[in-house]
Amino acid sequence: MPVEGGSSAAARQAKQKRKSHSLSIRRTNSTEQDRTGLPRDLLEGQESKLPQPLRNNLLDLFGQIEREFETLYIENLESSHSTSQLSQKLKTTYKASTSKIVSSFKATTSRAVCQLVKEYVGHRDGIWDLGITRIHPVVLGTASADHSAMLWSIETGKCLLKYVGHAGSASGDQTAHIWRYMVQLPTPQPVADISQVSCEDEVEFSDKDEGDGDGEGGFSDCPSVRVPVTTLKSHQGVVIAADWLVGGKQVVTASWDRTANLYDVETSDLVHTLTGHDQELTHCCTHPTQRLVVTSSRDTTFRLWDFRDPSIHSVNVFQGHTDTVTSAVFTVADNVVSGSDDRTVKVWDLKNMRSPIATIRTDSAVNRISVSVSQRIIALPHDNRQVRLFDMTGVRLARLPRTNRQGHRRMVCCSVWCEDNPTCNLFTCGFDRQAIGWNINIPALLQEK
């Protein structure tokens, strides 16, 4: 009986193994062909130079790939259908919700009319602050980075007096000056026809619209004062704000040296130095009827100083903001309103200042705010050139108009109310080197509140 060599037996075993593997693949492919409908016979009938086992393996792999794509395709179809339904539902809900919000805003301001009445132009640099005199004659005052302060006729927009006694920008010489003025108010001229603009109108400005400020608003023939009556010295940094304490015998100043000072006006003596802030002060304000002072700072706090008892000078620290507190002001009631670079304004109750009673959230940093006396409307000047009006509960009442012909072109720094004036009852100023007088129809603002 012949005996096979070792190599011959191994070759035959390998051949049988390949054959059984090929048969296994053929049976599997035949089953999958029936399920998927792949024209396997047609493919196998075509001429190919590839070895049959390799070709069978490739056909099997391609069949598996096709099945995987088919599965993914079906899943994507189902997912696309459900996603489309969800997307449509979200769109419908979103459209309904936003329509209600927009409608509520429109209803609130539909009858509100805000008029730009007068522009006060003459400063050669940005205007940091402005105020209204508390005694007659009532005039508008502005303080600018051009080292000057000006008094203006509210009705005519004419510059009445210019103070040039400071050596630095907006008390950058580290002093506060008290100076006297005597002005003759010009005869008011008929107000030009001013189109009434909805408080929601807005069109962007271009840089070329900004004037150079020379020779406008009666600037060239405006008389000047160079010598103050009193100079208040003690600060070691820029004096950024000042206010009169009730009674008119003392004045408080705020500085970048992190302190506020209380002075006696008649003697120019320093009465108190208010320390405690960790960074530069940004503003100070006094209560209209009580000996209270509030100071705000870049350290994200504002402090309430109580001088009602001469023997005790208490201080309370409030930490309700997360960025620079740009201003904090009193209202005629027992409230303090604070504004911040964190884009919020908060209303506080003096009787319980643990937490604010109202919070207003905006889309831009808030600068020096003001609150109207009678109606308690808050005017918010913003970095983004907007001026918005809110009530004390946080409800937005209006946004002052900005068009390609009127409004502020740069950051709005400060606002102040003058409700008793029939011509302009709100004033704003900014880095565009102008102050603006507005007539706000307050009854219309509150009618649909």
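Glycine is treated like the rest: Cβ placed from N, Cα and C.
As given in TrEMBL:
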REGION    1-40  region 'Disordered'
COMPBIAS  22-31  compositional bias 'Polar residues'
COMPBIAS  203-215  compositional bias 'Acidic residues'
REGION    203-222  region 'Disordered'
REPEAT    232-273  repeat 'WD'
REPEAT    274-315  repeat 'WD'
REPEAT    318-358  repeat 'WD'
For the repeat 'WD' (274-315), sequence-distant contacts whose Cβ falls under 8 Å of one of its Cβ atoms, 6 or more beyond its ends: 237, 240-246, 252-262, 321-330, 332, 336, 338, 340, 342, 350, 353, 368, 373
Secondary structure content, the repeat 'WD' (274-315) (per DSSP, counts of residues): 0 helix, 25 strand, 17 coil
Intrachain residues whose Cβ lies under 8 Å of the repeat 'WD' (318-358), provided they are six or more past its termini: 282-283, 285-289, 292, 294-298, 300-304, 364-371, 373, 376, 378, 380, 390, 392-394
